[in-house]
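K.L.:
Below are the features I grabbed from TrEMBL:
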- 1-23: signal peptide (SIGNAL)
- 362-391: disulfide bond (DISULFID)
- 443-466: disulfide bond (DISULFID)
- 606-629: transmembrane segment (TRANSMEM)
- 659-802: domain 'TIR' (DOMAIN)
C-alpha cells in the first residue's frame with residue numbers, strides 16, 4: 001500500500017509538471033492571489049482550514065498562508081512545489097506537521113510557524129530542509145526545549161527563534177546541536193513559566209543577536225546565572241522582553257551583576273515593568289560594563305515608594321553611552337531618575353520619543369553638555385516649557401549639532417531662535433509637525449545652522465523672513481504657503497536643496513534666483529505654468545520634482561519638458577507619471593508626456609518665418625492681380641466718382657428726377673469729326689429731334705471734368721459709346737466707360753448702346769476692359785457700315801434702340817446749333833416702348849465667338 005501511495009504521488013507530480021507549460025491564467029475565483037510571473041502566492045487571512053493545493057501552481061517560490069485556520073500540514077500539501085523557498089505559516093492553529101511534509105521542497109530556506117499549536121518540534125519534517133536559513137518556531141505549545149541532532153546539519157541557518165509559554169526548564173544540553181553553527185539571531189521564549197535553568201545551557205550558543213523573551217517574576221535569581229553563561233561573549237544586541245511581566249522587582253539581589261562581563265554594543269529592555277529601584281540597579285551595572293547603547297522601549301515605569309532623596313547626589317554619574325533611547329514609556333518621571341539628570345551627562349545621542357513630557361527643568365540643560373544629537377520628538381512640549389526665560393543657557397549644549405523637536409506643540413520661531421543662540425555647533429534643526437506660523441518678534445540665528453526641517457506647519461509667506469539664511473537644506477513642505485518670498489531666497493545664497501511640496505503656491509516667480517540650488521521639489525502645489533524662464537537664474541539645478549500640479553498644457557510646458565529631458569541637465573525625478581494636464585478641458589487628465597501640440601504651433605521662429613513668407617506671397621499675389629486686372633485704374637476711377645458725389649452733396653445738388661438728354665455720347669477726340677458730321681446731324685435733325693450730350697458742346701465750363709461726365713451721364717437716358725481703336729487708347733473714354741458700368745449696375749446694361757465705328761478684336765483689348773469684352777460677346781452692338789447703301793439701315797437701327805423722342809411743348813420750338821454755346825434743357829422723357837435689343841440684327845462678328853469674361 002505504501003509503494004502504491006508513492007507511485008500515485010509520482011504520477012501526480014508528472015501530471016502537474018506537464019501541465020505547467022500550459023498554465024498561464026489563474027481563475028478570478030481562486031482563493032489565493034498569484035503573481036503575474038506565478039512565483040508568489042498570497043493566501044493570508046482567508047480563513048483556510050487546509051492548504052489549497054489546487055490553487056498553487058508548481059512554479060511557486062514563495063507561499064504565504066499566515067493568519068488562517070490551518071490545523072494540520074499533510075505530507076502532500078506542498079509536494080508539487082519543488083521550487084518552494086519561502087513558506088509562511090505563522091498565526092494558524094497548526095498542531096501537527098506530518099513527517100514528509102517538506103520532502104519535495106529541497107530548496108526551502110525560510111520557514112515560519114510562529115504562534116501555532118505545535119506540542120513538539122517537527123524534527124522529522126525538518127530533515128529534508130537542510131538549506132534552511134531562517135527558522136521561526138517560537139510561541140508554540142512545547143513543553144521541552146531540547147533540539148534534536150538534526151539541527152547540527154542546518155549549516156546555513158542564520159536565524160532561529162524557539163520556545164513557548166509552557167517551557168518550564170532549560171537544561172544544559174538543550175542547544176548542544178547548535179554549538180558549531182554561527183547564528184545571526186537566536187531567540188528563546190519561556191515567558192513566565194520558567195522554573196529551572198541549568199548553568200551552561202546558553203554557553204554553546206554563537207550568535208550576534210541574543211533575544212530573551214523570559215519573564216522572571218517568579219524566579220528573578222535565574223537572571224544572574226543566564227548572564228554568567230554569556231560572559232566574555234560579544235553581541236551586537238542583547239534584548240530582554242518582558243523581563244518582569246506582571247509585577248515590579250523589589251528584591252535586594254543585584255540581578256544585573258553579570259552585565260559587566262558581557263561585550264554587547266546595545267542592550268534593550270522591551271516591554272515589561274520597571275520601577276526606579278530596578279532601573280537604578282541596571283544603570284549601576286551598565287556604567288561599569290562595555291555596553292555603549294541602552295534602549296528602554298514600551299516600558300511601564302513607576303516611582304519606587306521607598307526611595308528617599310538624601311541630597312547627597314545621584315548614584316549614576318558615569319553612564320558613558322553612545323546612544324540612550326527612551327521610547328513609548330508610560331511615565332515621564334523616568335527622565336528625572338532619582339530626581340536628577342546626571343545619567344544624561346555622558347550620553348552622546350539621546351532620543352526621548354512619546355514619553356509625554358512637557359517641561360524641561362533648567363538643570364537638565366546643564367547636565368546634557370556632551371550630547372551631540374538630541375531627539376525629543378512626539379511629546380507635548382510648548383514654547384515656554386522648552387525655552388524658559390528664567391534659565392541660563394550660556395555654555396549649555398556646546399556639543400549639540402542635531403536637534404529634533406518635531407511633533408510637539410511649538411508655535412514661536414523667535415523662541416526657538418533664542419533657545420539655540422548658545423548652541424554653537426548646531427547644524428540640523430527639525431521643527432516639523434508643530435504649530436509654527438508666526439515669528440512673534442525678531443529672530444536671531446547663529447550662522448552654523450545648515451539644515452532646517454519645517455514641513456507640516458502653518459506658515460505664511462512673511463514667516464520666511466524669520467528663518468536662518470545660512471541653511472543649505474530647507475524643507476517647507478506642507479506648510480500652506482501660497483507664494484514664494486523672494487526677499488528671503490535672495491538672502492539664502494547657500495541653499496542647495498529646497499522642498500516646497502504640498503503647498504498652495506500659485507505661480508513660480510520668473511526672477512527667482514538661487515545660484516547654488518541643486519535640488520528643488522515643487523510637487524503638489526497649485527501652479528499651472530512652468531517654463532525654462534522659471535529656472536533660468538538657477539544654473540546649478542540638477543534635480544527637479546514638480547508633479548501633481550494643475551498644469552496648463554501649453555507650448556511653454558511642452559518646450560520645457562522637451563528641452564529638460566533632451567539635454568538631461570535637470571533630472572525630473574517624478575516624470576512622467578505625476579504630470580497630467582488640467583487645462584484646457586480637451587486635454588484634462590492627459591499625461592503630459594502624451595501632449596504634442598505640434599512644431600508649427602510652438603516654434604515661434606518657425607511661425608515668424610511662415611508668417612513672413614505667407615505675407616510676402618499674398619502681397620505679391622495681390623500685386624500681380626492688381627496688375628493683371630488694372631485695379632489701380634479702377635480704384636482711381638472709383639475715387640473720382642466718390643469725390644464727385646461728395647462735391648455734389650456739399651453743393652446741395654439733388655438727384656434729378658427727369659432726364660435732360662436722350663443720350664450721352666462717349667467718343668475719342670480722334671472720332672470727333674465722325675460724331676459731329678455723321679452722328680449728331682442724323683439724330684438731332686430728325687423729326688422730332690433727339691437731344692444729345694457731347695463733351696465739346698454741353699459740358700459746363702469751370703466745372704470739374706469728372707463732375708461734368710458723371711452729372712451729364714446721369715441726366716441721360718442712354719449712353720452711346722463710339723468704339724474704335726482710338727477709344728480704347730483714350731483715358732477719358734476709359735473713365736466714361738467705367739462710370740457707365742457703375743451707373744448700369746442692377747440694370748443689365750439696357751441703357752448702354754455700343755456703336756463700333758471700326759472693327760475691334762475683343763481679345764486685343766486690355767484686361768481693364770473686362771466689362772467691355774463681356775458686352776461685346778453677350779450684348780447686341782451696332783457696327784458702322786462703310787458702304788453708303790447700308791448706312792440707312794444703320795440709322796434706322798440706332799433710332800430704334802434710342803426710341804422715338806418726345807419733346808415737351810415748352811421746348812418744341814427750341815433748336816440748337818451743333819456749335820452753339822452751352823444751353824442745357826431739361827427734357828422729361830416718357831417711358832416709351834422701344835424695340836428690345838435682343839431682336840435687333842447683330843452685326844457680323846466674323847463667325848468668331850468672343851470669350852466670356854467674369855465680371856469684377
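Cβ coordinates are placed from backbone N, Cα and C, and glycine is handled just like the others.
Annotations in TrEMBL come from automatic prediction, not curation.
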K.L.:
Please name the residue among the disulfide-bonded residues 362, 391, 443, 466 whose C-beta has the most neighbouring C-beta atoms within 10 angstroms.
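P.N.:
Result of the Cβ crowding comparison: 466.
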K.L.:
Any idea what the model's mean pLDDT is for the domain 'TIR' (659-802)?
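P.N.:
Within the domain 'TIR' (659-802), the model's average pLDDT equals 78.
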K.L.:
Taking only the Cα atoms, work out how far residue 391 (disulfide bond) lies from residue 466 (disulfide bond), in Å, as a whole number.
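P.N.:
Per the Cα atoms, residue 391 (disulfide bond) and residue 466 (disulfide bond) stand 23 Å apart.
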K.L.:
What is the interatomic distance between the Cα atoms of residue 466 (disulfide bond) and residue 362 (disulfide bond), given in whole Å?
P.N.:
26
K.L.:
Roughly how many Å separate the Cα of residue 443 (disulfide bond) from that of residue 362 (disulfide bond), to the nearest whole number?
P.N.:
22
